[in-house]
Every structure is written in C-alpha cells, then in structure tokens.
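Peer 1: Feature list, courtesy of TrEMBL:
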DOMAIN    8-118  domain 'Acyl-CoA dehydrogenase/oxidase N-terminal'
DOMAIN    123-212  domain 'Acyl-CoA oxidase/dehydrogenase middle'
DOMAIN    231-373  domain 'Acyl-CoA dehydrogenase/oxidase C-terminal'
REGION    383-402  region 'Disordered'
Amino acid sequence: MALRVQLTDQQSAAREEYEAFAREHVAPKAGAWDRDEELPEDFFTTIGAAGYLGAAVPATYGGGSLDAICFGLLNEEIGRACSSVRSLLTVHGMASRAVARWGSAAQREHWLPRLATGAAIGAFALTEPGAGSDVKGLATEARRTADGFVLDGAKRWITFGRRADVYLLFARLDGRETAFLVERTSPGLQVTPVPGILGTRASMLAELELRACQVPAEALLGRPGFGLSAVAADALELGRYSVAWGCVGLSQACLDSSLDYAGEREQFGVPLRDHQLVQRMLADMATGTSAARLLCQQAGWLRDAADPQAVHATWLAKYYSSTTAFRSATDAVQVHGAHGCGAEYPVQRYLRDAKVMEIIEGSTELQQTTIAHTAYHSRRAAAFRPAADRRATGPAERTMTV
Ligand SMILES: Cc1cc2nc3c(=O)[nH]c(=O)nc-3n(C[C@H](O)[C@H](O)[C@H](O)COP(=O)(O)OP(=O)(O)OC[C@H]3O[C@@H](n4cnc5c(N)ncnc54)[C@H](O)[C@@H]3O)c2cc1C
C-alpha cells in the first residue's frame, strides 16, 4: 500500500468548494477584519450556514463529520485566506470534538446541534497566568456545591473568548485536573477583550476571570482527573492538526502573493522573478509548502486510519508547517520590499500571523523536544526488536521512523 497523496474525487470536490467559499467570503475582507480586530456578526452566520462550524460534529447531531483529510483541506483553504477565521475553526472544532467524544448523552443533545450550526460558538480555555507550555501548572480551582460547582481562577489568551457562548475550561477539582463546559452567562464569569495582539488579530481574544463562578452539575465534562490527560490532550491533538493545515494555506498565500508581485515589479530592467536571489526565495516557499502539505496529508491519512502514530505525525506536521509558514512569510515580505511592510499587500499580516503559529498549540521548542524525545525512544525500541521485525513492512513504518 502506497502513501496516498492523491485526493479522492470527493475530497477534490470538497477542496474546490472550500476554496470558492474562502475566495468569496473570507479573502476580500481579511485585511479589514485584521484592522478591526474582530469578525463581524454576520460572518458567523455565513460560515455557520455553510456548515463549516460543524466539521468536527458527528452527522447524527447535524454536523459535517468530515474525514481528517477534508477537515485539513478546509483548514488549508480558510488558512490561505485568513488565519483568524482558521483559528475559529480550530477552537470551535476543539470544543465540539470534546463534547462529542467525552460528553454525556444530555450534553451531546444540548450542545452538538447548536455547535454544528454556529448557534453556539465554542472556545478552549486552558492557559493561565502561571500555566502556559507547562499545563500542569493549572491553578483554577473547582469546588462542589449542593447543585453544581464553583470555579475560581483566571484564563489568558482565549481565542474567540470575546464571542464564545461556551468554554471548554480546565480546573482542579479536589486537586484533580478536570474539564468543564462553562457558559458565558455563568454568574461570576468576567470576559475582558485583549486588544493589540501581534497576529490573528481578528480572533477576538479575551481573558476570563472566574470569581466564585457558579456552574451547574451538568457542566462537568468527562471524569474528574481526566481533564488534561484525555479531554485536553485529545482536543489539542485536533487543534495542532488544524493549525498545521492552516499553516500550509498561509505558506501557500505567501507564495501566491510573491509570485504575482515578482512577476509585475521590475528592477534593473527585468521582473523581480528573473533575479536569481529572488528565485531562491520563491523556490524555498514552493518546496516548503509542498513538503508541509505532504506531512499534513500523512498525519490526516494516519488519523483516518485510527493509527496511533497519527499523534507523532501531527507533531511533525505542525512543527514543519508552522516554521515553514514563518520562513515563507519573512521571504514574502522581503520579495515585496517596502510594499511588503505596507498595508496595501497582505504579506505583513501573513508575517504577523505566522509568528503566532510558532507559539500556539505547542510552541516550536515544545515540538522540537517532543519530536526528539519520541525519535530517541523509537530508535531504542527498534534496537530491542528482532532483526526480522525491524524490516519496514508498510508506509507507516517507513514514514514514521525518524
Ligand atoms: C494568539 C494566541 C491565541 C491563543 N489562544 C489560546 C486559546 O484559545 N486557549 C488557550 O488555552 N491558550 C491560548 N493561547 C495561549 C498559548 O497556548 C500559549 O501562549 C502557549 O501555550 C505558550 O505558553 P506561554 O505563552 O505561557 O509561553 P511559555 O510557556 O512561558 O514559554 C515562553 C517561551 O519559553 C519556551 N519554553 C517553555 N518551556 C520550554 C521547554 N520545556 N523547553 C524549551 N523551551 C521552552 C517556549 O517555547 C517559549 O518560546 C494563545 C496564545 C496566543 C498568542
């Protein structure tokens, strides 16, 4: 069985649909949304009506139940047009998936049809003032009451926190890491916008303050103690996958813009694209984008096959795609010269957005240490296997041995 890089007819048709949606409804407005630092309310209706907010919701609850490749293509095409909108797909998808995977029947019935249409927007609230990369530093406390829980603590940098109706939020219950579904209207929850963020400026970031915040007993999601190891880990896995594909789109956008500009702009009597040092930048963008897309496809293929190596493949994809997007964006600004620094071209936005991609969903350094750690242990495990077993027998073995 060969590694499939060819999309099925259905996946190709889906890609065309996503690309057309992004071209019509997202790309022309992305610059203005970035300046306004928000998405307009009617856009939530538009993207909800297209069905894209239901990508991670099972079909039985009104969602699109997209396969991993289609979900990736959606993130690529939206990410090519606007990283803030792709961020919406990411965090809303993370919250949706958590409810679908860990929710009780009642929680699924209540939330999933709303999340599928965008009638409710979901967000992911894990980071705290003292808990960033090290999520074990989680300090938000939950206490049981007669009819539910009371939460005390703070959450930082919550994407679409300003707009969300429900937060997938993590706290300690009796010292154990636990997931909750906290409604925005919960008494004791204060939502404060975070203006002036470097990139994904339209992703409506907020801080959450929970002061004796009351939530009902039904807010508990999954079992106490499984909040980080199961609920957050699984949601972050999807988030990382979504960001990785979004970075492919972002890198492609850098290439598209640079090719157009280098073809139009002349210096020293020839178009920029005829200068070999400019060609080097275009070549690196084209190669990096293709390689990132292949790593994302590999991760998607393994996810669809429910292969446990999908986790590691997603780390590889996110690490490579985000660093590639940043390099492509830096080169894209360089190719555009002064115009690359101005507001007329989108590449300055791409550069700001790309820097954020190296920080969210596991920073570049966390990806590097995790990938190196896994590679080391794979190598050690291989050394202890009998020689006959060490022969690669299929694409997963060949592609995942690092
Ligand atoms: C635009 C944006 C949107 C976000 N959206 C959300 C959201 O929706 N929900 C949410 O919960 N959070 C969100 N975050 C927070 C994000 O997840 C954190 O920023 C991220 O986890 C890193 O944590 P930190 O910023 O506290 O950095 P720190 O953990 O303090 O790290 C700072 C630096 O030290 C490095 N470092 C840390 N530990 C190590 C190590 N062991 N080895 C090597 N280097 C290390 C990091 O790589 C980084 O370069 C968002 C952040 C941004 C910027």
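Quick reminder: no glycine exception, Cβ is built from N, Cα and C everywhere.
Thinking about packing and proximity, how do these listed features fit into the structure?
Peer 2: Helix first, then strand, then coil: DSSP counts for the domain 'Acyl-CoA dehydrogenase/oxidase N-terminal' (8-118) stand at 90 helix, 0 strand, 21 coil.
Residue counts for the domain 'Acyl-CoA oxidase/dehydrogenase middle' (123-212) under DSSP (helix as H, G, I; strand as E, B; rest coil) come to 3 helix, 49 strand, 38 coil.
Residue counts for the domain 'Acyl-CoA dehydrogenase/oxidase C-terminal' (231-373) under DSSP, split into helix (H, G, I), strand (E, B) and coil, are 118 helix, 4 strand, 21 coil.
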